[in-house]
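Q: Before I ask anything, here is the structure I am working with.
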Amino acid sequence: MKKLLFAIPLVVPFYSHSAETVESCLAKPHTENSFTNVWKDDKTLDRYANYEGCLWNATGVVVCTGDETQCYGTWVPIGLAIPENEGGGSEGGGSEGGGSEGGGTKPPEYGDTPIPGYTYINPLDGTYPPGTEQNPANPNPSLEESQPLNTFMFQNNRFRNRQGALTVYTGTVTQGTDPVKTYYQYTPVSSKAMYDAYWNGKFRDCAFHSGFNEDPFVCEYQGQSSDLPQPPVNAGGGSGGGSGGGSEGGGSEGGGSEGGGSEGGGSGGGSGSGDFDYEKMANANKGAMTENADENALQSDAKGKLDSVATDYGAAIDGFIGDVSGLANGNGATGDFAGSNSQMAQVGDGDNSPLMNNFRQYLPSLPQSVECRPYVFGAGKPYEFSIDCDKINLFRGVFAFLLYVATFMYVFSTFANILRNKES
């Protein structure tokens, strides 16, 4: 008896329920972490895990171990944790034992027909006015680039709650010509939103918030199982206990991490592997790289840096030209040439010696113009004659014009020949 009393504190916390609510779970921040006991949805290929009483969905680039039961990524809370002991293994067992759909009696809350006193809701029966809360007379469909999260299947239709309305997947729509983009279309079918409070694949509870009725209507709901999420995807074997054995079957729905049921026998197990979703990873990378991109800010930053570099280079070039000019004109060695004062002091007058004076002796003596004087032939002779300056200046002008024209034609012909050779 003492041993039994000693074991009670160990058993009670293990089976205690979390005090989390849907609102508190959704308010939790995203976390980049590695979670264990991960399962994957076969249809959407999304990965899920229970942590601290909440259900988490892996987003972004997800890296998993070989058996895909431990994954690293950006985990986002999407609702309450899925109970891990509600039907497992091969779903066999004894009376009220292993599995909600096993060999024993089905628990009434998981029945396929409504329980007396409970309300059965069919979202497709048209009893609710179509449309959205914003515009009930015009149900505008929403277009999604990829299949959204938090959808559920009912009567072979995929539903989603959006902006207080229940929407149904109505196929794909293409838009644009270059490129052509394909969208997933969800059309409102009711002004009431539905949610599954337990995320266990059986819609036990639903709440309808109507745009036409301020009071929310809460009901018990009996329907088909959900496709997202439906733990465990990698369901393993295991048999429920004997008569009365197991709370609802062996294994934590095939997880294998906690052995048998909460009170019954059976060993959880199993493993699974799936295909890597390259498209989903590409979309996640694209979103992560572009979500904070500000084209105007990037252009402004690049322009500012280029202007700064250009200003620095311009100042350096102007300073160097000034130093060379001062050195050539005898104003002393400054700036980049200040370090050569000691060597230049040994030459002439040091840094005050204009360098140009040393080169002028090597320059050719160019002809200088003189004042025009009349040209006289045979001065003092009987055949003496002269040419006045006005005629000489006229000849100079005409001859200079001919030289200019000839020079222009020569230069033009030279460049034209170069261009012709390049084209050929």
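The backbone N, Cα and C atoms fix where each Cβ goes, and this holds for glycine too.
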Q: Choosing among CYS25, CYS64, CYS71, which residue does Swiss-Prot name as bonded to CYS54 by a disulfide?
A: CYS25
Q: Radius 10 Å, atoms counted are CB only; among the disulfide-bonded residues CYS54, CYS71, which position scores highest?
A: CYS54
Q: Name, in the order they occur in the sequence, the residues of the same chain whose CB lies under 8 A from the CB of CYS64 (disulfide bond) and which sit 6 or more residues away.
A: VAL38, ARG47, GLN70, CYS71, TYR72
Q: Can you break down the region 'N1' (19-85) into helix, strand and coil residue counts using DSSP?
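A: Across the region 'N1' (19-85), DSSP assigns the residues as follows: 5 helix, 33 strand, 29 coil.
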Q: Could you list the residues of the same chain, at least six apart in sequence, whose Cβ is under 8 A from the Cβ of CYS25 (disulfide bond)?
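A: Spatial neighbours, sequence-distant, of CYS25 (disulfide bond): GLY53, CYS54, LEU55, PRO77, ILE78, GLY79, LEU80.
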